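Novice: One structure coming up, written as structure tokens, with questions to follow.
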Amino acid sequence: MGAAGGRAGFSVGLGLALASSAFIGSSFILKKKGLLRLCRRGRVRAGQGGHAYLHEWLWWAGLLCMGVGEAANFAAYAFAPATLVTPLGALSVLVSAVLSSTFLNEQLNVHGKIGCILSILGSTVMVIHAPQEEVVSSLESMAEKLKDPGFIVFAVCILVSSLLLIFVAGPRYGQSNVLVYVLVCAAIGSLSVSCVKGLGIALKELFSGKPVLKEPLGWVLLVCLVICISIQINYLNKALDIFNTSVVTPVYYVLFTTAVMMCSAILFKEWQHMVLENIIGTISGFLTIVSGIFLLHAFRDMPFAPDLLPLFLQQGRAELQATWRSADRHQSCQHQPLLSSEDKGSQSTEEEEEEGG
């Protein structure tokens, strides 16, 4: 029963994570289209501090999709460990990249397609070698983990760095560097995952009949989650308004996954019980994702042409084309008639003269 329940929980968590990626990837497209419509109308852009997107129904549709995706993600964290759910967010990169090239006319070249494939492969490797988190079955055990000095130091560092990014780096570099606003979303997002895990435990206890509503920790986690999500939405809108969706989405994924892995390792002590094989697999999968994201981000504006190939590949390509041309000529010679039309005409004339003679 325990193994069957574990497999069922894994399947439920996996399905919810996949649905979450589909909805979240689509939400980026809807939000971007809404922001572009406001830009064409001459309204104050979100990147310049405007909030006119609150009157755009496309933006609200994107927010609704993101809400559904986050709800599915919330439920997935309740059934599966964070290191299983978070890497599957790479699928939202693929969904967003494909939809942006279809509906937003944002070009996705060969490098970007290879980057998407590498991101998916790296996520698969990370899921296979995902560490098993320490069991947290009650709000009391969750409270003990939140009091851990290591997690307190991590949370303080996250808050201080986010404030520096918002008030110091944002006004100077926010319009030219995609990392500024995306780093704020990723850093705050790592704390929101911890709140989601705690609220998932609270909901399980509530459904089992325990008086969870009287526990202050559940309400504190709920308030912190609302604050974190509000900050993420605000600065994600700014990043989407300034930069391409095909850039914001993968960069956000890499930074968010890194922050969640660090937060989960500190809070749930995941890495303490991992064997060397799983550690190497997890790191290798993550580096594969980073390589894919680098291809998708660094070469997004570079058109792919045969002249970009290395010299030895160009020589091989020329030799291959010459081989194909010679083969075509040889094949055409095989299908040519033995006598040309002129020879055929002279031969038929000679035969008629012989018959007449």
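Positions of Cβ are set from backbone N, Cα and C atoms, glycine also.
From TrEMBL, for reference:
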- 12-30: transmembrane segment (TRANSMEM)
- 51-69: transmembrane segment (TRANSMEM)
- 75-98: transmembrane segment (TRANSMEM)
- 110-130: transmembrane segment (TRANSMEM)
- 150-171: transmembrane segment (TRANSMEM)
- 178-202: transmembrane segment (TRANSMEM)
- 217-235: transmembrane segment (TRANSMEM)
- 247-267: transmembrane segment (TRANSMEM)
- 279-299: transmembrane segment (TRANSMEM)
- 329-357: region 'Disordered' (REGION)
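Set these features in their place in the structure for me.
Specialist: Residues 58-59, 61-66, 68-70, 72-73, 75-80, 84-85, 88-96, 99-100, 103-104, 240, 245, 248-249 of the same chain lie 6 or more positions beyond the ends of the transmembrane segment (12-30) yet place their CB under 8 Å from a CB of it.
Note on the transmembrane segment (75-98): residues 9-10, 12-14, 16-18, 20-22, 24-26, 28-29, 69, 108, 112, 116, 119-120, 122-123, 126-127, 130-133, 193, 196-197, 200-201, 203-204, 245-246, 249-250, 253, 256-257, 260-261, 264, 268, 270, 282, 285, 289, 293, 296 of its chain, located 6 or more positions outside it, place their CB under 8 angstroms from a CB of the stretch.
Long-range neighbours of the transmembrane segment (150-171) within the same chain, counting only residues 6 or more positions beyond its ends whose Cβ lies under 8 Å from a Cβ of the stretch, are 180-181, 183-184, 187-188, 190-191, 231, 235, 259, 262-263, 266-267.
Within its own chain, the transmembrane segment (279-299) has Cβ neighbours under 8 Å at 83, 87, 90, 93, 97, 109, 111-112, 114-131, 246-247, 250-251, 253-254, 257-258, 261, 271, counting only residues six or more beyond its boundaries.
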Novice: Please work out which recorded stretch in 110-130, 178-202, 247-267 has the most C-beta pairs separated by under 8 angstroms from the transmembrane segment (217-235)?
Specialist: 178-202
Novice: Who are the chain neighbours of the transmembrane segment (110-130) in space, where the CB to CB distance is under 8 Å and they lie at least 6 residues beyond its ends?
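Specialist: Apart from its flanks, the transmembrane segment (110-130) reaches 81, 83-84, 87-91, 93-94, 97, 246, 250, 253, 277-282, 284-300, 302, 304.
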Novice: Checking distant contacts: for the transmembrane segment (178-202), what same-chain residues at least six beyond its ends satisfy Cβ-Cβ under 8 A?
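Specialist: Beyond its ends, the transmembrane segment (178-202) has Cβ neighbours at 73-75, 77-78, 82, 86, 136-139, 142, 146, 155, 158, 161-162, 165-166, 169-170, 212, 215, 217-218, 221-222, 224-225, 228-229, 231-232, 235-236, 238-239, 242-243, 247-248, 251-252, 255-256, 258-260, 262-264, 267.
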